[in-house]
Every structure is written in C-alpha cells, then in structure tokens.
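Input: a single structure, listed below in structure tokens.
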Amino acid sequence: MPTNFTVVPVEDGGAGKSSLELVFREEDITPRRPYSGDNTPRESSPFINNTDHDRGNYYDGKNMALFEEEIESNPMVSSLLNKLANYTNLTQGVTEHEEYENEDGVTKIAVKSSQMGTFIGVYLPCMQNILGVILFLRLTWIVGTAGIMESFAIVVMCCTCTMLTAISMSAIATNGVVPAGGSYYMISRSLGPEFGGAVGLCFYLGTTFAGSMYILGTIEILLTYIVPNTAVFVAEKKEDETDAMLNNMRVYGTCCLALMALVVFVGVKYVNKLALVFLACVVLSIMAIYAGVIKTVIEPPNYPICLLGNRSLQNHNFEKCMKTEVIKNVTYTTELWKLFCDSPHLNATCDEYFTLNNLTEIQGIPGLLSGVIKDNMWGEYGPSGMLVEKKNQSSVPVQDNSRDIYKPYIFNDISTFFTLLVGIYFPSVTGIMAGSNRSGDLRDAQRSIPIGTILAIATTSFIYMTCVVLFGACIEGVVLRDKFGDSVKKNLVIGTLAWPSPWVIVIGSFFSCCGAGLQSLTGAPRLLQAIARDGIVPFLQVFGHGKANGEPTWALLMTVGICEIGILIASLDAVAPILSMFFLMCYLFVNLACAVQTLLRTPNWRPRFKFYHWTLSFLGMSLCLSLMFISSWYYALVAMSIAGCIYKYIEYRGAEKEWGDGIRGLSLNAARYALIRLEEVPTHTKNWRPQLLVLLKLDSDLGVKHPRLLSFTTQLKAGKGLTIVSSVLEGTYMTLGAEAKSAEQNVKSAMHLERTKGFCHVVVSSNLRDGFSHLIQSAGLGGMKHNAVLMAWPGGWKQAEDSYPWKNFIETVRETTSAHQALLVAKNIDKFPCNQDRLGEGTIDVWWIVHDGGLLMLLPFLLRQHKVWRKCKMRIFTVAQMNDNSIQMKKDLQMFLYHLRLNAVVEVVEMHDSDIAAFTYEKTLVMEQRSQMLKQMQLSRTEREREVMNQSNVRRMHTAVKLNEVVVNKSQGAQLVLLNMPGPPKNKGGDENYMEFLEVLMDGLDRVLLVRGGGREVITIYS
C-alpha cells in the first residue's frame, strides 16, 4: 500500500549577479546555488509514492507535446486519477509500519493493511470505553446522592456535550483522510501545531489517566466484591480502614498495570480479540440489569437492610436485625447488641442512640411499582463523615455523636456536592474517541468514525438515562447512597438489582473495566507516537520509534509510567475529575476547530458529513468550558495552564509546521479586518511610533553586510509596530529569481540572529534607484505601511570609482521627503552596540537645531526602553543665535520636556556670527575642485550663477564646520549623537557638495544618527 512520497526539485543552475545598494557600488557575484525550476519551494503533493522514474511515461507520443515543458510540475489527468484510485489513509509519519534494515543497511518499509470496519473498529471500542467503571461502581451512588432529577440533568449535560462534540468530530473526520492518532490529527490539522500539540498532549494525559481509573475500578471490584480476603493491608483500627484500602489499591493496581502493559506489548490484535469477550460481558451485564428491573415488578429480590432509628447499618457482621431474641422463653442478646454495648449481657452499658431508637428492617430493592421513586427524586448532599439516613424515618436524636465512627454505621467517605458529582460522572462518557484514536487501523475512517461514534453515544446515552430513572424507581435511597454496598452484605449495589444473580454484574463489570483499561493502554501510546512523529515537540521524538511490527514501545513505557501516578493516587473519586479536565479541554477544541473552519468557509472545508452547524459547535464548546469550571475550577485552571505551557513551548522551540490550519485562516481574516480599519482613519499623534523600512546592503555572497543595522532596529523597535527589512538586487527577476529567494533566506536568518521581529522583502529591479523607489512607495499593506526609513551612511563614497553610491543615497533622501516619511541614517553602523552589549554610564546627545515634528526627542526615549541603552542618560542641546535669549530658551525647553514627560538634561549652545575662517575656504576649494568636471558639463549655467553657487557653498561649509566644532566639543564622548539632517539641494548640481557638507558635519564622531522628520508631529504633550 502506498504511504508517502518525496518531491525532488529539478536543479536549475541559473547564474546571475546581485547587488543591492542604496548608496553603494554594484558588485558582481558568482552563480548561486540551484533552486527549483519555478523558483518557488515545492509543497507536499497529495499523492503517495510519487517517484521520478515513471515521469517519462507521462508524455509518451506526440499528442501532448504542447505541454511537455510542464512535465516537472503538472502531471497528466490520467496519472492523477490513477494515483487517486490507489490512495489510502496511511500517511507518512503516522502510519504503523514495520521498519528493519537488510544486510546492506537499507531501510525497508512494509505497511500492514487495515481491515477493521465500523462495528469492530469504532462502535465496540466506544461502547466499551463509555460503559465502564462509572456505570457499575458510581452511578447508583450518584443517583442516591443527587436525586433522580439532578442526576438526570448531569447525564443530559454530559451526553449532550459528547454528542455535540461527536458531530463536530464527524465533520472534521469526513473532511479528508484521518490517519493514526485521529483526535490529535484532527485538532492539529484544523487549529495548527501549537493547539494540536497542546490539546493532543492533554488528551494523551486524559487517556492515560483514564487507564488508571479503569484499573482502580478493576481492583476495587476485585478486593471489595470478589476476593475481599486477599487484601495485603488489613486495618487494626476502624479509622485506619480507608488508608489500608488505598494501600491495597496501590499494590494490586501496580500489578494489574504491569500485566495489562504486557498484554498490550504483545500486540494490539490480542487486545482486539479480548475486547470482544469483554464487551460481551458488558452487554450481558446491562441485559441483566434490565431483566432485574422487570423482575422487580413480579417478585422483588430479597435484600433486607437494617435501620437503627433512621440510620443505615453495615449488615455484614450480623445476621439478624434485632437487639435481642427470645429462644425458649429466654432472652438473648444478638450479634448486633455486641457492636453497640460493652458486654453481651442485658445489663450492659450501651450506646445512647442504640438504647433510645428501635431497629427496623426494610427491603433494599422494593421494586419498580413500590413508589420509592418519590423519595429518591431529590438529592441529599453532605460533608465527609455524614451518616447515611433515611429521610422519612423517625428517630430520637442524641447530643454526643463522637463515638459514632466506631459503630457499624454507613458514612459518606467524601464531601458531596453537585459539581463534584459532575466531575466524577463525566469520565463515563469520555470514550467517544476510542475509535478515532485507532483510525490508522480502520478500513474507511471517514465513514466509520462518524457512524460508529454517534451510534455508540446514542446507545450509551439511552442506557444512562434509563438507568438513572430505573435505579431511583427500584432501589431504596439509603442503599443508593451506600457506595460500597455495606448495607446489603458487601454486594455491589447495582448487582442487587440484576437477574439472575449479582455475580453477573460483578463479573461483567470486572471484565468491562479490564477491557477499557486495555483500550486506554492501546490508544494512548499511539496518540503519543503520532505527536512524536510529527516532530512538533522536540523532546518527544524518541517516542516515535517502536518495535519491528510498529508497536510504540517507548510510548507504551511512558504511558505506563504516567498511569502509575494515577494508580498511586489510589482513589477513583480523586482520579476521575483530573481526566475530566483533559477530556473536556480536548472536546472544547474539537468543537472550536469545527466552528472556525465552518465560519471561515475555507475552500478545503468540504466534509461529507452534512449534519453539522457552527452554532452546534459553539454550543458544544460553551458546554465543555462550563463543565470544566463546574467540575472543578482549580483543576480547570491547572489543565489550561498545562496546555498553555505546552502551546508556548511548541511556539518557541518546536519544529515549524504549515498544515493550512484554521487558526492561520482566522489570523488572515483578522489581519484583513484590522488593515481595513487602520486605513479608514489616519494614525493619531499619540499612537505614532516609527514603522521602519530598513534598507540593507548585501555582500557578494548575498549575506547581510551590516548586521548591526538589524541590531539597532531591534533596540529601537523592541518588537513593537511594523518592521520591513528589504534589499534590492540589480537585474531581472527571470534570471535572478533564485538569488532573490536565497538572499531573502539569508536576511531572515540574520533577523533571527539579531532578534529582529518583522518582515523581509528582497526585490529584483533593473537598477538600484528604481528598486529603492518602489520599496519606499509600495512596501507595507493598507494601514500597515512604514513611516520611516532606516539606512546606513554610505561610507567610502569619496573613494568610489563611480558616482552611483552617493547619487542613489541622495535620491533616496529625496524619495522619503516626497513621501512624507522620516529618515534615519546611521554613520559607522558597525560600531553600534549589539544586543548583548550593556552600555554603562554614558549619554545619548540630541542636537535639536530645527523642529521637524519631535522625532529627535522620541527616538532616545524609545532606545532607552531597551536594556542596551537603559543606563544612558539623555541630553538635549539646542543652538541659540545672537538675537536669542539663551536663559529663556533653556527654561522654555525644560518646561516643554516636562510636559512631554521626558527626563533629559537641557543645554543651550550659543553660536555667534564670525568671520569665515581660512580653513573653511580651503575645505570649500577642495570640494569644488573635486566637482569641477561636473560643473563643466553644465554648459547652460552662467558665470554669475556659478559665482552665486560658490558663495552659497562657502556659507554652507562655514555652518557645517562651526556646528561640527560645537558638537565635537560637547558630545565627542557620547554613546550616540542624534543630529538634524539637512535636506538635499533642490538643484541636483550641488549633490556632491551636499554629501561633503554632511561628511564635515559628522566628522570626529563615532556613532551618529542623522534624523530627518516626515513633516508631521510625532510627539504630544496631551494625554
């Protein structure tokens, strides 16, 4: 049978050159590594055993020569249909297969065929798991404690929850092939690997603890009703009976677990064979119950119970329900007398309550027509240690009840309340996924899972609902509340109702619990194996291996270890609520998966099962969540915390998977809605933050040349807002498509190393100028567009052989200005700190020359939020001219910063008019000599215009020199200097001079960030 296939990309060794620059030179590169023929990664094909050697037969002849060039990507319809005909439900990673190596070390795979149908594979396992321990050991006690009405409500709620979940599960199961590990597979492929792994592991824990519960039920039946004399621990005092029983449960439970694990280890086929025998016992037991109910109408069974006053007594230590008896006119005390008095004599001192109240003997099973249903209609809850009493029976109360614990009364062993009973009962309906867990063994999982599961739930729901009513109508209330049958001579309470003998129920329930335990130990390891083989949780990969026949050996050992934890708890009533949480969480997410897929209307959502609706899924989801907190709010929080921790672990450490899940579709819908809403209204000043477009330069190997630019981005953004990291390759996309993909992967790797959260985009353009222009114009989507551009200063532009680097830089400055976007230019970017550095004492100096929206003051605040810059202090310098009042400027600036809630040291620097120094003339002369050739090309200019330009250059150079002197004097030791970036000249003839001005302005400073505002206010004093 086919199992999997591998697509081998055809190598297309296209070569090209890449370059990227903004202000940088074009560089030739060597041919890049091969890529797939269509320049896109191949996706997994839906076909199995697809091999390359048969491709040559696809296009034999000349009838299809027109399509021969598409042979590698598009198969012919005839071959497609042929592969669909051979499609099975066994897929890679989750099929049970046999792996072995021959002498040459070549791994061979032999897949075993699946033969089980709906009845054997789904219906019977579900029936066996549902009709388990709770029905036989706790349902009568639940009816007696909660009453018929509330018990019926519990059963209806739980059965409704499972039925709604089964409907959702049926829709998911029929929406494609469900391989082994069915419930996990359905959730993970519908909600994604994070949800799938978290809920799958929770469901695995629930199934494992269910095995513990069934084993504890098996041992409880064995030690309480079958062979009570084989207990290892025997209590010497009455108050030690509970501890002795728990220790016996632990010892025998561990032995039973080891035996069951051995059976499962031998092979699942033996479990299937035994399951039929066990289920036959269950069916006979249920038939015996209904037969016994019918018999009570004709002749009720004789199970007398003894009441002292209104208190029920344990009658396994005495035969006659009387204080004394007269034999031949002589009064003798009975065995019951000895239990309440200090001697067998008539003048003995007896218990006060025993003296004041009479003994009454009533029938424990009065029958269907007795009218006892009226007394059992409502519940009777109480604390632990409360006496089991008949409501309408008269009695004389006493003051001192301290010695009651040592008397043969029947007590509540635990505190009882409605929500506790919900948690204890719910595991009785949790077997609904027993079939889907073994979906890899089914002949047709899509057909078998819905039919078998829904029929099993319908059958068992009918059984539970009728049993609740019939138990309350046939059995006396004090017997129903007697959990262990002490009032009916240690008989199983439900067995007293059975016909022809209580042993039918005892044996049947014993084998039912054994079979359910074996089913849990069979399904849980396969579930863990499916999760491990998916590779989403790295530390679980060892559990994906198994024996030569595919049995999950390591997963079975893990399951046995966890199951032993439940055995050590030793109390069925304590284990049941734990597994209820895990099952309810799994069912909740099954309903959520169906609802999400239905509401999203994804094209792939085409289930064959049509009887579902998203409202039913939401109702089931709400009911599951409600039952979780009704059962136990603290267990619910613990279970959700465990699932949350697993979710976050898979999200951050697990393998990346893309399964086309519903959560991704939901994210896309949410993103689309948010983008539309963002575009409707402009961003308010209070919400403004730099949304960066980072322009990177790549080296000849398509690696990031300045990774510190990404580090600075991380420090500035801290994962907030939008970051688009981009670069440009020069050429055509047809020839450089593979290089562009490779460069994009390199940039993503660098972003990951530098912890830069954002998007990556590498484009191919005929020239760098157009490429950067397109990025500035079109990067982003809708309301999520960048508002600032970050780039590195083109170092070495003077030594460049051509003028493209600095011309591209200046054009980029003009582009950002025209687009009303802010611009950040980092000089000496390789000297900026990395994310692991921690700057000590130092300052971030802001030189506020002109106001351009407040970006200069906002950037240091954002940087200081990162731990690299956290200890740096902020200083703001502003320049005062001759006519300015320096003292008043400082006060105003301090008040402005106070209203902005910014902590900074303010300093006003005075710059008086002075004669232009000879040094300035010299710098200007050198600059103009360098650009003399450019000037000679501008033949249309007049000499007067050139003279004006020369005078303007001298003034600009003078400003740059003077300002640089002041900045170096004040901020040479600063960790970072932020400067207003002057705009480029409107006349392109002065572009080279503009670069020289900026070079002079930043001379002598290590780390400089030139900032140019986008023409809007980005900081406000208002709240």
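Any Cβ shown, glycine's included, is placed from N, Cα and C.
Where the annotation comes from TrEMBL, it is an automatic prediction and has not been curated.
The shown structure was predicted, so the numbers you read here are calculated from the model rather than taken from an experiment.
Taken from TrEMBL, the feature region 'Disordered' covers 26-53.
Annotated compositional bias 'Polar residues' per TrEMBL: 37-50, in sequence order.
What TrEMBL records for 120-140 (among others) is transmembrane segment. Residues 210, 213-214, 216-218, 220-221, 272, 275-276, 278-279, 282, 285-286, 424-425, 427-432, 434-436, 438, 441-443, 448-449, 451-453, 455-457, 459-460, 463-464, 467-468, 471, 475, 479-480, 483, 492-494, 505, 508-509, 512-513, 515-516, 519-520, 572-573, 576 of the same chain, all 6+ positions outside the transmembrane segment (120-140), place their C-beta atoms under 8 angstroms from a C-beta of that stretch.
Taken from TrEMBL, the feature domain 'Amino acid permease/ SLC12A' covers 122-299 (among others).
According to TrEMBL, the feature transmembrane segment maps to 152-178 (among others).
Per TrEMBL, transmembrane segment is recorded for 198-228 (among others).
Sequence-distant contacts of the transmembrane segment (249-268), counting only residues of its own chain at least 6 positions beyond either end whose CB sits under 8 Å from a CB of the stretch, comprise 211-212, 215-216, 218-220, 222-223, 232-233, 274, 438, 441, 514, 517-518, 521-522, 525, 549, 551, 553, 556, 560, 563-564, 567-568, 570-571. If you look up TrEMBL, you'll see 249-268 (among others) marked as transmembrane segment.
Feature annotation from TrEMBL assigns transmembrane segment to 274-293 (among others).
According to TrEMBL, the transmembrane segment annotation covers 409-434 (among others).
TrEMBL lists 409-693 (among others) with the feature domain 'Amino acid permease/ SLC12A'.
What TrEMBL records for 454-480 (among others) is transmembrane segment.
Per TrEMBL, transmembrane segment is recorded for 554-572 (among others). Listed by sequence, the residues of this chain that lie at least six past the ends of the transmembrane segment (554-572) yet keep a Cβ under 8 A from its Cβ atoms are 133, 137-138, 205, 208-209, 211-213, 215-217, 220, 246-247, 249-250, 253-254, 257-258, 261, 264-265, 521, 524-526, 528-529, 532, 542-546, 578.
For 578-600 (among others), the entry in TrEMBL reads transmembrane segment. Panel annotation: around the transmembrane segment (578-600), residues 161-162, 164-165, 167-169, 171-172, 175, 183, 186-187, 190-191, 195, 199, 202-203, 205-207, 209-210, 212-213, 423, 426-427, 430, 433, 566, 612-614, 617-618, 620-621, 624-625, 627-628, 631-632, 635-636, 638-640, 643, 662-663, 665-666, 669 of the same chain, lying at least six beyond its termini, place a Cβ under 8 Å from a Cβ of the stretch.
Tertiary neighbourhood of the transmembrane segment (612-636): same-chain residues 157-158, 160-161, 164-165, 167-168, 170-171, 419-420, 422-423, 426, 577-578, 580-581, 584-585, 587-588, 591-592, 594-595, 598-599, selected by CB-CB distance under 8 Å and a gap of 6+ residues from either end. Per TrEMBL, transmembrane segment is recorded for 612-636 (among others).
The feature domain 'SLC12A transporter C-terminal' is assigned by TrEMBL to 824-1023.
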Candidates 274-293, 409-434, 454-480; stretch with most C-beta pairs under 8 Å toward the transmembrane segment (198-228): 409-434
Maximum Cβ pairs under 8 Å to the transmembrane segment (454-480) - stretch from the list 152-178, 274-293, 409-434: 152-178
